[in-house]
There are 4 protein chains.
Amino acid sequence: MLSASPLPDYLVNRYYGWKATTYAKNESWYQHLAEMGQHPRAMVVSCCDSRVHVSSIFGADQGEFFIHRNVANLVPPYTPDGETHGTSASVEYAVTVLKVAHLIVLGHSNCGGVKGCYDMCSGDAPDLSRSSSFVGRWMELLRSRFDALPEGSEDSRLRELEHQAVLTSLRNLVTFPFVREAMEAGRLTLHGLWNDIGAGSLSCYDPQTREFSPI
Amino acid sequence: MLSASPLPDYLVNRYYGWKATTYAKNESWYQHLAEMGQHPRAMVVSCCDSRVHVSSIFGADQGEFFIHRNVANLVPPYTPDGETHGTSASVEYAVTVLKVAHLIVLGHSNCGGVKGCYDMCSGDAPDLSRSSSFVGRWMELLRSRFDALPEGSEDSRLRELEHQAVLTSLRNLVTFPFVREAMEAGRLTLHGLWNDIGAGSLSCYDPQTREFSPI
Amino acid sequence: MLSASPLPDYLVNRYYGWKATTYAKNESWYQHLAEMGQHPRAMVVSCCDSRVHVSSIFGADQGEFFIHRNVANLVPPYTPDGETHGTSASVEYAVTVLKVAHLIVLGHSNCGGVKGCYDMCSGDAPDLSRSSSFVGRWMELLRSRFDALPEGSEDSRLRELEHQAVLTSLRNLVTFPFVREAMEAGRLTLHGLWNDIGAGSLSCYDPQTREFSPI
Amino acid sequence: MLSASPLPDYLVNRYYGWKATTYAKNESWYQHLAEMGQHPRAMVVSCCDSRVHVSSIFGADQGEFFIHRNVANLVPPYTPDGETHGTSASVEYAVTVLKVAHLIVLGHSNCGGVKGCYDMCSGDAPDLSRSSSFVGRWMELLRSRFDALPEGSEDSRLRELEHQAVLTSLRNLVTFPFVREAMEAGRLTLHGLWNDIGAGSLSCYDPQTREFSPI
């Protein structure tokens, strides 16, 4: 028998509260969304981290952002090998079906996935180095960027690696033919952002200066 | 040169608004989260769909839910082949590092990914059948459930397949050794939910009745 | 011999019910809390009054609020005299150990402690005026606010004094060096609330208007 | 100007949810409580710890328990020196005004206050030993019990000290003349409980066996 438990009561109660307030006030919009389908303007790739909340930062309404969240906001390179690639499926759906106008990669400070990569590549996380570690194998996507990190304090190197996670995703995104086509047709732009959780600041990558600058 | 554009003005303006209001009012909490790390109670696996908004439904605060979002809220089976598996990495991080107490799979009505699976398996979506289609290969995870669908109207069969997407994830979750261990130690429970977007209703899977019942 | 009686049966029975239902459903979360420790976002100072229930009003889960409750939700001024100060110990633990982001003082209508202060200061409660009355000495913390009450009906003056109990606590909180330091570092904010029990309404103090306004 | 901030939005939203559901369904009871006053059957002294939730464990309704919460659920001895004693004020109000029938002291596992006492008395917490530490001075109430701890593992000694915190409160309660009088008149009983947070178990002190036994 399939294992599944009832929802904890505090969540049930909060759901009832939502239904009686937010839903009640927006019922026509939810019905509209159900009947007319979604037409988001942008896809956001962000981290699973519970402290990152793109809808809040951008005051986004239901229906605005198509959001994929994974560990460390990584997009792997185009690999059409007939295997299962969840992130690539999300990007393909957003670009070819929904035809979003923007692909936004949102990185953040204090990222546990990036820290794991840092420790693994430094030889300090044998667990992540095992071939059976999904987090380890996933963070391999960033190993070449670790190898290229400049000297510096661990803090500054970690921050740089968080930035590189965003840039790696941007770089990999253009290896997808449908992404490149949409960009060349002027239908799609890419954007690289990094959020400092404590300071609430947001930086945007500028290819001219090759730096993340505060917006 | 890496392709990256400035953020559209309307998002920049909204970010400024958020910084001056929500961030200003919650600065102390964001600093706490940055310094003390995240301690979420639950991981939620939900769809990238822009109309699904788990934080809103459950009145969740920053820091409460570790959220993975992919097409059709699917968790693939345990496959420790040393390859890149983004969803499995998210689950591993939540269960083994954050030690979340609940894994909640949240499906929803009008799911484009499930509709794609339905069309593909019905022979009506040749694009998705191509080996180069990431969405198609991803939705293969659900093909055996399509084959087992009962007779009925397309609407009822689609809804059933949306339910099956949730159950498939629950079934696959227990193939991960670290999920099973945490469950056996009483440290983790699984939960299957389905949200009707237009009606704002929420159903929870009950293994006794083998049905999704409104909560 | 120490005097202690068995728990009344009706409470034993309710505990059994809780164990078989709420605990059973949330076992994984309770184990998580036991192993991972508490990480509450806020400390709440509220009254012992059986009608005040902050967890319910805010849909709070176990683990969310560090709660100190005393008569009339009062925080005394900073008095580092090496004596025993229970309320100050609670505030110190919340701010310096748990590093909560918010200190919420929650007052309420029909407060027996505030009514006792009113009667005592009006000369109508000789019992409370005796030096041996703990309630009387505790409510002395509010006497200067009684002296400053505007003219009006007893009802309006009582309500004003309930508001002043909240403001007195807010005022005293900033006399604690560790509270002030955390506030200056942007790590802590103070909040003053007042709950009308019968009406179920909640007001929040606004320093600009110097009034409690409904939220 | 008094420092006070607006309530974080997520709490405002949850309050709206409570108002529209729990309050709406129980409005007549809340109005009754406001007009008729509180008539709780028991007073509970428990810890501020966010993981302890006596209302939940005993399925308590608004109006049932008069609850005092402080660090480590301690009641100091009777000290009628005309100074400010918050815990004593709570006990006095419950016994002499509300005439509760039961005084329940509820301790718990993983108690940070008790751990602090243990470390301080072991010489491992110089911060708590300073005369300016409110937590340290508060936990002095338990020092004599630390000195009397039997040999054993730290875990077993900590548990014993948590039990002793409950017994110390029971012992101090009978030093209050009004408590003793009510007990002698058969109007009041004392109860000592200890809750294991992870296991969800509850033990009750039995003066015959001098042990906490599971209920």
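Glycine is treated like the rest: Cβ placed from N, Cα and C.
Features of the protein shown, as given by TrEMBL:
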BINDING   C:Cys47, C:Asp49, C:His108, C:Cys111  Zn(2+) binding site
| task | List which of the binding-site residues C:Cys47, C:Asp49, C:Cys111 have a Cβ under 8 Å from any Cβ of chain D, in sequence order, or say none. | result | C:Asp49
| request: Using the centroid of the Cβ atoms of C:Cys47, C:Asp49, C:His108, C:Cys111 as reference, list every other same-chain residue with Cβ within 8 Å of it (recorded Zn(2+) site), in sequence order. | output: C:Ser46, C:Cys48, C:Arg51, C:Val52, C:Ala72, C:Asn73, C:Gly107, C:Ser109, C:Asn110, C:Gly112, C:Gly113, C:Val114, C:Glu162, C:Ile197
| task | Around the Cβ of C:Cys111 (Zn(2+) binding site), how many other Cβ atoms lie within 10 Å? Please give the count over every shown protein chain. | result | 25
| said: Which secondary structure state does DSSP assign to C:Cys111 (Zn(2+) binding site), in the simple three-class scheme? | reply: coil
| remark: C:Asp49 (Zn(2+) binding site), DSSP three-state class -> coil
